[in-house]
Each structure stands twice: as structure tokens, then as C-alpha cells.
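**Q** What Swiss-Prot lists as GTP binding site is ASN49, ASN71. Summarising the annotation, Swiss-Prot assigns compositional bias 'Acidic residues' to 274-292. The region 'Disordered' annotation in Swiss-Prot covers 265-292.
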Amino acid sequence: REEYPDRIMNTFSVVPSPKVSDTVVEPYNATLSVHQLVENTDETYCIDNEALYDICFRTLKLTTPTYGDLNHLVSATMSGVTTCLRFPGQLNADLRKLAVNMVPFPRLHFFMPGFAPLTSRGSQQYRALTVPELTQQMFDAKNMMAACDPRHGRYLTVAAIFRGRMSMKEVDEQMLNVQNKNSSYFVEWIPNNVKTAVCDIPPRGLKMSATFIGNSTAIQELFKRISEQFTAMFRRKAFLHWYTGEGMDEMEFTEAESNMNDLVSEYQQYQDATAEEEGEFDEEEEGDEEAA
């Protein structure tokens, strides 16, 4: 960060899940990581093993998903996010543009990615999808790569990246359509908070696809889940000696925990915010930052 202050720091961070757990101390590692990510990155795509598993089970009907299958989903999403950098398109967006459009408050830069159409590794889709189908699938909770239900929160901002040959007019109509039908799920104090980019070149094996990036307050569910697991272990100081033995301090854990809980309450605060109260919020925010 010191060396390259003007670079956009972008991470794809895998959030642990109890369903597919390699190590017992995942909640510790995740919490300590979030503590760093909140301060040091510009955009973080939260990819959740739990959600990836659910997608493999439910949507792709895989009975025993391997890491290969999970990675297939992750790579589809990552490729979608960086499409605009790599290919020519009508409406191009780079990472900086994404960051500018997606992050209304510097700490709240944890996005849930989604992808449509979801295909398993072997079977590429045989039928061409229409733009309405893509849009509908893209906003579907089952397609989110983070195990949170967007219906439990509100979108601060959304970016959609469509790939393939399609009519721009249709894309715009569909995106407006989604916003009008579900207006309660988009915060009203950020107008036009859905950005669309279209790129001509679809991913291999598909005619068209869409990548979804949502900055939703529902992502707090994910942090709450980790926080609960963290607290359960930290209360009893379980496994702490592995960390303290490496020269870490218990204080760091406490700080990381409270930082993550602050993040959750910040998301909640903006979820409940309405346009009228906006003035009050600005003052509170400034006070908070000075205190921090």
C-alpha cells in the first residue's frame, strides 16, 4: 500500500464455511483478515464456500462437489469482473470506475458477486439465454457467491457486467425493470445506483453471460456468522496459543473482533437509513471517524 498509493487494491477473498471446513481456526483467520481488508483494500469480493457448495448442490446438481467445481464458479466470476479490462466493449468499466461507483463509504467495500448462467464444468449450456433470463438469474439469491440473502438487506450499489452480443437497449430495459419492480431493495438515497457494462466477447462455451456485483447490506449476515463462530472459540481462548506462540497478541484478536462488529453495525445503519435522515448521518459519520 505504501509503495503504490494510487493503485486499486482488489481482493477475491474466500470466506470459510462450516460445511466445507479444512481447519478449526477458520473463524479466527477470517476475522483477522477482515480486520485488514476493511482498512487496506478498495474492493473485496466475498466468495463464500458455503454459497459455492449450495450452488453446486442445488443448481448444478453435483452430489460431491470438489474444490475444482468450486473453483470453476470462482473463476467464472473473477473472469466476469475483469472482463472490462481485458476486452473491448461498448460500455467499459475498469476497476477504478467500479470502485468509484460501488463504494459509497470507504469501509463498506465488501461485495457479493453473482454469475449467470450457472453451468457445471462438463455441461456448457445448450440453449441460448435471453437477456431477461440472464437478468432475472443474476439477481436471484441462489446465484450469489456469498451466502447471504440479498432480500434481507438493501443494495447500496450494484454493477452488472454483461458479456456477449446483445442489444444494449434490452439490457438497459431489463435493468430498469428489475429496479422498478424491486425498488424497496435499493436504497433510495443513492439514485441511479445500478451500473451496467457490456462487453462483446462472451466467456468460452457460452453465447452470453452476466456477472453481478452487489454492495448489499445483507453481507452483514456473513460477517455475523463468522463473528459468532469467532466469539464461541475466543471466549474460551481456544487454539489461541498457536497465534500467541507466533508473536501475536490477544489484543489483536479483540480489535479484529470489534472492528468486524462495527462493520456489521455500519451496514445495519445504512440499511435502516432513509433519505430524510441523511443530514444526521453525515454528522455522526464524521464524529465516528474522528473517534476512530
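Every residue gets a Cβ built from N, Cα and C, even glycine.
Source: prediction; values computed, not measured.
So where do these features actually land, and what's packed around them?
**A** Under a cutoff of 8 A between CB atoms, and with a sequence separation of 6+ in the same chain, ASN71 (GTP binding site) has no neighbours.
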**Q** Is it possible to get the count of other C-beta atoms within 10 angstroms of the C-beta of ASN49 (GTP binding site)?
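**A** Looking across every protein chain shown, the total is 23.
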